């Protein structure tokens, strides 16, 4: 099965119900789809009125070993009293298979949206990220990747070169902006950071609030620098971001040491995410869900904006990184 051409069109509701029934779960409600483009995720209630979420993994994105590492990390975090959504085991197995689809079942965890502009909530998140990374430092992922330039920049650049989605009249300017951004990131990238297991996609949308934070969706977990799990929480102008980062770090360091030199990786990581995200959209374009939900990807205005965004981010990389107050 070719990853780029795969769709979930064969994953019918009956297939999902049968997969759950094989594990002794009888669905007593409908299957409510949750917001996920990469995988297929559904919330439901069983006959005992317990609420669960079932997640069907996109084939060939992660291997079984890589998914199991994600599950093992989540279970270790729960054991260390870090609030994450961890998979349910059936006969000792968290990774299940039905008709060629890998899937897992999670308890449904409700909660309010995390308020990124709430300093008290930000402090609590920083504290639990410190605890998460305390667990993350105990060992590294063996099968899951480490954040680096090849996956996030070099491979996407090759994809852009051959892409037919980019309007022909705009492609040269877009590739030039991409090359300038890659050069700027490469000049500021460091390979000497301490590597640990990360959440990997720790933004406000992946944190629920229930008298404290609840971290969800470890699908992008990988090895990398600690700052990767901090920088996406920052918002607002430089002064606001400085205050937020200082709040996070102070709480974080109650449990884990933080290397402030990693702050210099924030803008390189932001640039890498911009490039990687666009490549992800293009790789998934054969899946009907993507043209339906991202129709603007075929428009000239979108590519003009992307080109301008890449040029602007390359300029940002020439500026001094975010500075903390002298006490740090």
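Every residue gets a Cβ built from N, Cα and C, even glycine.
Positions annotated as site 'ATP' by Swiss-Prot: 36. Annotation source Swiss-Prot lists active site, proton acceptor at 201, citing sequence analysis. Per Swiss-Prot, the feature Mg(2+) binding site maps to 206, 217; the stated evidence is sequence analysis. What Swiss-Prot lists as active site is 217, and the listing cites sequence analysis.
Of all the recorded positions listed (201, 217), 217 sits in the most crowded Cβ setting, with the most other Cβ atoms within 10 Å.
A separation of roughly 14 Å, to the nearest angstrom, links the Cα atoms of the residue listed as 'active site, proton acceptor' and residue 36 (site 'ATP').
Calculated from their C-alpha atoms, the gap between residue 206 (Mg(2+) binding site) and residue 36 (site 'ATP') amounts to 12 Å.
Counting every protein chain shown, 19 other Cβ atoms lie within 10 Å of the Cβ of residue 206 (Mg(2+) binding site). Over all protein chains present, the Cβ of residue 36 (site 'ATP') has 15 other Cβ atoms lying within 10 Å. In the three-state DSSP reading, the residue listed as 'active site, proton acceptor' counts as coil.
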